[in-house]
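These features come from TrEMBL:
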type: ACT_SITE; residues: His214; note: active site, proton acceptor
type: BINDING; residues: Gly48, Ala49, Gly50, Asn51, Val52, Gly53, Asp73, Asn134, Val157, Ser158, Asn159; note: NAD(+) binding site
type: DOMAIN; residues: 42-181; note: domain 'Lactate/malate dehydrogenase N-terminal'
type: DOMAIN; residues: 184-349; note: domain 'Lactate/malate dehydrogenase C-terminal'
Amino acid sequence: MKKASSLSELGFDANGAASGFFRPVAAGDGLCTPTSHRRRLTKVSVVGAGNVGMAIAQTILTRGLADEIALVDALPDKLRGETLDLQHAAAFLPRTRLVSGTDLAVTGGSDLAIVTAGARQVPGETRLDLLQRNVALFRKIVPALAEHSPDAVLLVVSNPVDILTYVAWKLSGFPVSRVIGSGTNLDSSRFRFLLADHLDVNAQDMQAYMVGEHGDSSVAVWSTVSVAGMPVLKSLQESHGSFDEEALEGIRRAVVNSAYEVISLKGYTSWAIGYSVANLVSSILRDQRRIHPVSVLATGFHGIADDHEVFLSLPARLGRGGVLGVADMELTEEEATRLRHSAKTLWENSQLLGL
């Protein structure tokens, strides 16, 4: 029998199929004629059907964040298998149309395009090591996405995410407000998890940010960490003499290295980044105006030079239009110095690209 994902592909005409099951609603002097759906449907595209892309798609699907999800990948058999696997769960999920293809044309009309495609980080490899391998791929993907969905918000997840967000901005021609990197949204969650676990509170009640690079030079903003409105660092230092500068740096390193630990144990990260990106998708598509540490153009913030077009993570207000504003958070001089060092690292690497 022919393999197919729908009865139409098996040769059954779908036109008017529902008419045998449903009668028009009576309306006084006659029958109501069905009208076209007037609600604007929301479409999200995910480019890259690897472990990260599918974790993102699955989380968006289960949370009912989109009316249509388009999946794109260069491997047609794997893509079809992943699509069918999700379609077969339709009876247990919110009604969402799933489409897929190897051609980026399938993403046409997207409200949000998520890019996860790229070479996978391997044990012992830093995110910046991935740079040259992934820029060439972006030259093929980003202009096509921009052509098919000129009004979309572009969300970059591929690593090194900060520099590739800069690349996507340059290649897309989009306004800077509509090009976002997933940045340290996940790093901040890891930071909050460690602190919440130590304090025996829910991580959602922690206010704690990692900013700067999504990588080795990220900055833990200890000066603003709080729970229930109470500063955490001062309390910890008063009750535990071991919370000195060396200990704080050890915690920051633990946050940075947590991704490498997961990669060394299972070969890749997927579930946490899936939830992190779905969190961003919700804020954007539902216009929630929530604050997330994501990769944005940081020129002029915290002493970063005005002529340095560098993307790194700062707390940003997200909504339907993308980045609606960036918080000019108060940093200590030490934190600001570390942030500028992170920016310098990213700037130097981005200048090697010649964009």
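Each Cβ is built from the backbone N, Cα and C atoms, and glycine gets one as well.
Among the recorded positions Gly50, Asp73, Val157, Asn159, His214, the residue whose Cβ has the fewest other Cβ atoms within 10 Å is Gly50. Note on Gly48 (NAD(+) binding site): other Cβ atoms within 10 Å of its Cβ, all shown chains, come to 23. Here the domain 'Lactate/malate dehydrogenase N-terminal' (42-181) has, by DSSP, the following mix of helix, strand and coil residues: 68 helix, 26 strand, 46 coil. All protein chains considered, the CB of Val52 (NAD(+) binding site) has 26 other CB atoms within 10 Å. For the pair formed by Val52 (NAD(+) binding site) and His214 (active site, proton acceptor), distance between Cα atoms is given as 16 Å, rounded to the nearest Å.
If you take the Cα of Gly48 (NAD(+) binding site) and the Cα of the residue listed as 'active site, proton acceptor', they are about 20 angstrom apart, rounded to a whole number. A mean pLDDT of 90 is what the model gives for the domain 'Lactate/malate dehydrogenase C-terminal' (184-349).
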